[in-house]
């Protein structure tokens, strides 16, 4: 064969191949020369057990906690199991003197802060001062072995102390006259607070505490801070007869009613002087991080100086109220004082659940904050088990509900803590205080404890966070203010109830009234976006494109159907007024629709029938795997028409009006 004939033959073969490719391509195209359209794929079928197993695993075991145990020998599995329950055995292997030095300084620093705070917080809970100190001895030791946070400082906190005191006083009106019953109910509530926390952690139900939104927590904490500060006016002003209510109206009425005969000027001088000192110390520590220790040791210095002043001047003889007796010795057993039957059992359970959930929310928020700052992972479920265990053990050793403290944890962090050993150091200092130093607090004035608590809770009022919430989400701000005013003008439990109710209301509103949008085409692209967000996006003549930004469930399916039909009515009015092309196609963009239930399927079928009567074709774009599977299983895909289900909005538009696609 000659070279020219070879070339000619090669050219013919190439031309034939190109023609075959073109022919093959055209055979896959739309009759109107539209581009090749991919069909929406069906996910592989799963049996009921596999689907249920996958759902349970994703809900409760998303972090795959058993992964480290895979393919390990039994001896290794035992060690890993021990480390999972007691993380101290894991990080303790790499513990050294350098870390201990940081923990020692941090532990001593937070001990100087916690001792005066604990005495004051016990009064908030209407308990004798030593019970506050007890709660900073046993629980921190338990947490040090079981907790996974390196920075949390454990002990009584203002908000939980006030909440517990308020709830207990609702059941036992006179904490002094019925001191024994009141204490027993406090220990019972602490026991069930711990049981609640352990249960949530063991059954991996930690997601339940996330239902209390950040906005609600900000409002609740701010309201509680003001309530706590107002409660301290009794000790700050030296008032003997004071209201048992916590709302601002009752408190201020009680304060001004006793103005002429109930205030003590010596007490006021002590309170104002040392409160000013504490606030200045806090300001200096905030402005210059090198002086973080100043606000930390400020309360202890205040206690020492004020106690010495009262002792040498015998100001207690002039009406200055003092702490008087703090029982010496470490925690006595209280196992036999917990109510396991009788009328107070259910009351203890109810109070314990509420106090336990609030304490848990505060501790997890603190732990996550500092874990993010130090770039390590915090296991929320382990934290719940650790916090719950320490409260169960604490209830048996004369403690009331303990949790992570914002102020002490911040000091712990700034003091250079490395591990939970700082809690052990703090507990040892509290132990020595209980054993040897409690008689020294006899002449400590109540005014100084009030000043310490006021200076501590001021930090819980977060104006910046409230302003940011206002800027970001007005509904969140309503939740924030609802919780705030509920606490300030009603009570702590009412404020908490409002916070939870508004958080749930927001969830229900978002579920029952999901966002929907009309989409238009961005010029010179095949991208379709919300016309409100992108004013330049143009509607396609004769086509209404709607996006549903939510799963379609029984709670919102009827709303979604009616919302789409209302939009069609609006479009019809525009057509009648301006003479635009009548709507012939409705395209529903289903990318955000992660799931659909039987009510949703029924609503889609009803929408299809309504559109048929109006001579409008229903077209679906990009349904997800769960949605397309259920559409086929129910027969809805066949009812709508499988050829009317497309991978993208662009494909759907091309099938509706191919000539206008290029013009849009």
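All residue numbers here begin at 1 and follow the chain in the order shown.
Even glycines carry a Cβ here, placed using N, Cα and C.
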Per TrEMBL, the transmembrane segment among 109-131, 316-338, 385-407, 523-545 spans residues 385-407
According to TrEMBL, transmembrane segment applies to one of these ranges: 413-434, 567-588, 589-610, 611-632. Which one is it?
413-434
Can you say which of 291-312, 643-664 is given as transmembrane segment in TrEMBL?
291-312
Please find, within the list 74-97, 482-505, the residue stretch that TrEMBL describes as transmembrane segment.
482-505
Which of these ranges is annotated transmembrane segment in TrEMBL: 51-70, 211-230?
211-230
If you average the pLDDT over the domain 'STAS' (533-656), what number do you get?
93
Of the listed stretches 142-164, 211-230, 265-284, 413-434, 446-470, the one with the highest count of C-beta pairs below 8 angstroms to the transmembrane segment (291-312) is 265-284
Any contact between the transmembrane segment (482-505) and the transmembrane segment (185-205), i.e. 3 or more CB pairs below 8 Å with pairs at least 6 residues apart?
no
What are the DSSP helix/strand/coil residue counts across the domain 'STAS' (533-656)?
64 helix, 21 strand, 39 coil
Maximum Cβ pairs under 8 Å to the transmembrane segment (211-230) - stretch from the list 185-205, 265-284, 446-470
446-470
Across 185-205, 265-284, 413-434, 446-470, the most C-beta pairs under 8 Å with the transmembrane segment (385-407) come from 185-205
